[in-house]
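Participant: What follows is a single structure, and I will ask about it in a moment.
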Amino acid sequence: MQFFIIGTDTNVGKTIVSSWLCLHTAYDYFKMIQTGSINGTDSDILKKLTYSKIHKEAYCYKEPLSPHLAAKLEQDEININNIILPNASNLVIEGAGGLLVPINQQYLLLDIISYLMLPVILVTHSRLGTINHTLLTLQALKSKGIEVVGVIVNGKPNQDNCDAITWYGKTTILAQFPFLSTITKTTLRNIPLTQELKQLFIV
């Protein structure tokens, strides 16, 4: 299976959740578009936290900006026809920023996901505002006919928020991923996959 991991925003925990999933499932990892490489890449993080095969990014830019701006600074433009998925049966693909982040002058990240038509796992935060952010993202995905297999909520557990997202978003909470003060292979390994995730990833 191949799953697209996207977030309701930047810095909601896509990379840590991707690391957790890859560590437990041995899935390959592919960061489609990387910005901010001057500060290190998400692929570098996966190399430290997992044993997975890491595939080279389709596009990688230095500045931590929206992909269309980061590319422009380097006199480049992202061509979605050049984004070719790795030949891997079991693959976690991580998006860049939020769903409506511009990729170039024509396309948003949503358009790429719609073109690929892969099932999506949505990562969101547990703090105030998550219900609105998550429901808007779910609505945008569903408007394009994209399959959302469920939501992973990252941060301090908040069952009320999870219940609201489940009810109004007509979706499934696949896991509540806890806040970790230290992130290592060991701390990630100590958080077991939920039964829902085991069934999805067939582990």
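In case you wondered, yes, glycine gets a Cβ from its N, Cα and C as well.
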Participant: Need one residue: from Glu77, Glu94, Glu147, the one Swiss-Prot lists with Thr15, Asp42 for Mg(2+).
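Facilitator: The record-listed residue among the candidates is Glu94.
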Participant: Starting from the Cβ of Asp42 (ATP binding site), draw a 10 Å sphere and report how many other Cβ atoms land inside it.
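Facilitator: There are 22 of them.
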Participant: Could you check which of these recorded positions, Lys31, Thr35, Glu94, sit within 10 Å of Thr15 (ATP binding site), going Cα to Cα?
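Facilitator: Matched recorded positions: Lys31, Glu94, sequence order.
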Participant: When you look at Asn11, Val12, Gly13, Lys14, Thr15, Ile16, Asp42, Glu94, Gly95, Ala96, Gly97, which the record names as binding ATP, what is the longest CA to CA distance in angstrom?
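Facilitator: Site span for ATP, by Cα atoms: 14 Å.
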Participant: Taking the recorded ATP site as Asn11, Val12, Gly13, Lys14, Thr15, Ile16, Asp42, Glu94, Gly95, Ala96, Gly97, identify the other residues of that chain whose CB atom sits within 8 Å of the mean position of the site's CB atoms, giving them in sequence order.
Facilitator: Ile5, Gly7, Thr10, Val17, Ser18, Val123
Participant: So which binding-site residues are near Lys31 (active site), with CA atoms within 10 Å, out of Asn11, Gly13, Asp42, Glu94, Gly95, Gly97?
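Facilitator: The binding-site residues close to Lys31 (active site) (Cα within 10 Å), listed in sequence order, are Asp42, Glu94, Gly95.
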